[in-house]
Amino acid sequence: MQEGTTLARHTKAGGRRAFTAPHTSSGKRSHRAECDRKPVSGRVAAVVVAAGALATGVGATGGLDTGDARFLPVGASSDLAAALVHTSAPREAEVRTVHAVEPAFEAAKLMRSEGLFVRQHVDQAIRRASDGYAARQAELKRQQEAAAAEQARIDAENARIADEQARIAEQQAAERAAAEAASRPKVAKPAEGSFTSGFGARWGTTHYGVDIANSIGTPILSAMDGVVVESGPASGFGLWVRVQHDDGTITIYGHINESLVSAGQRVNAGQQIATMGNRGQSTGPHLHFEVWVNGSQKIDPVGWLGERGISL
């Protein structure tokens, strides 16, 4: 130390005083006596960092004076978060997990998802359509069954009406037949004309009937209701018609010109059965009329007709 150098007085640890030469510096700064200094350890750095953090909370340098510009708090010169970026401790907010994604796999998953969605909607549409079709089919079946039942009812009603109409028609026909039968004569005159010969002996023989003369073609009528038992040629009569009546009596119509009935045919009293003629052993156009009772007994037609209100 040069002579005449100004010394600075300092107080060391333990209260001892010391004189040292001051450090020269271009800037104004405080002077403190040199003392034994130890390197700043990690714990001291942590304290400094913590102090810097506290200083950051209250102000960059406000309220904290280290006494040495070499020992400034971290927070006074830089952001504490920036100071901690390069630390080994990871920050939880920035920890992210990144998975490797295969694009084709993701596309397949998407397509499968979309396919399932479409399939679900298709299935729903099919079910709705199926339900609707089943409902329509059921309604159609119901309508068809109702129509069939209605048609059956109509058919049954028509059949009933037809049966009723047939019954009424049959009844009306029977009534008309009964009325006609009631209005018809029970006995009719066999033919119109002149009475020319009676029943009995004639010219050495027996005449078993009566003759009624008129022109050829004059209508010949059945005397009573009955059934034709013969119609056609007959010995001595040329042509004849025989009718058996309901009481068993048989009437004969001979020398006819034409027969209008056939064997087995039912005829009524007053119904035309032939026309007058001149066939067989005849002297002129006339009707030979006979009445047989009990099968073959021939009686006088005049009395038989008279008993029934017919006169010749």
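The chain as shown is numbered from 1 upward.
Heads up, the Cβ atoms here are built off N, Cα and C, so glycines get one too.
Annotated coiled coil per TrEMBL: 140-174, in sequence order. The domain 'M23ase beta-sheet core' annotation in TrEMBL covers 206-301. Here TrEMBL flags 1-37, 176-196 as region 'Disordered'.
For the region 'Disordered' (176-196), the DSSP counts in helix, strand and coil order read 8 helix, 3 strand, 10 coil. Taking DSSP states H, G and I as helix and E and B as strand, the domain 'M23ase beta-sheet core' (206-301) has 1 helix, 54 strand, 41 coil.
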